[in-house]
Amino acid sequence: MWTLIVERWWYFRFGFRREREAMAHAWARRTDHKSWHARQIRRMLISRANARLVGSQPLIRVIVPLAPLLGLLGTVTGMLEVFDAMSALGYADARTMSDGVSHAMIATLAGLAVSLSGIFFVGRFQTISRVETELFADALKY
């Protein structure tokens, strides 16, 4: 997920500027801006810009709710380690159980950390995409 977040941030910061300028230049070169065909081309340019801005955001939105579930899976496997250690020894030893409990807590923490940070970036990226699309649409004058 972090790779996708860094990719989106980089695209917003550097990549979209060049694409926006190229599409705006293509629109400015047109002599006709008023006809039905020109308006459809304008809509297509705005739609293309929006699609590029959204990019991998749907995938990030899928990973965000899955991360705590994967953390929960790690918690279950960690607790299974605890029970396995208890059954092997025949009694509950704190030292033996601590490995499984630490694995369980680390998995839970990792799942929650990924999910919470992802929630922040999903909201931020949606706002940036919406604002940039509106600004681009305003830049393509009739």
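Each residue, glycine too, has its Cβ placed from N, Cα and C.
Curation does not apply to TrEMBL; its annotations are automatic.
Taken straight from TrEMBL:
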type	residues	note
DOMAIN	30-135	domain 'MotA/TolQ/ExbB proton channel'
TRANSMEM	58-80	transmembrane segment
TRANSMEM	100-122	transmembrane segment
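Long-range Cβ contacts of the transmembrane segment (100-122) within its own chain (Cβ-Cβ under 8 Å, at least 6 residues beyond either end) map to 1, 5, 8, 57, 60-61, 63-65, 67-85.
For the domain 'MotA/TolQ/ExbB proton channel' (30-135), the DSSP-based tally of helix, strand and coil residues reads 94 helix, 0 strand, 12 coil.
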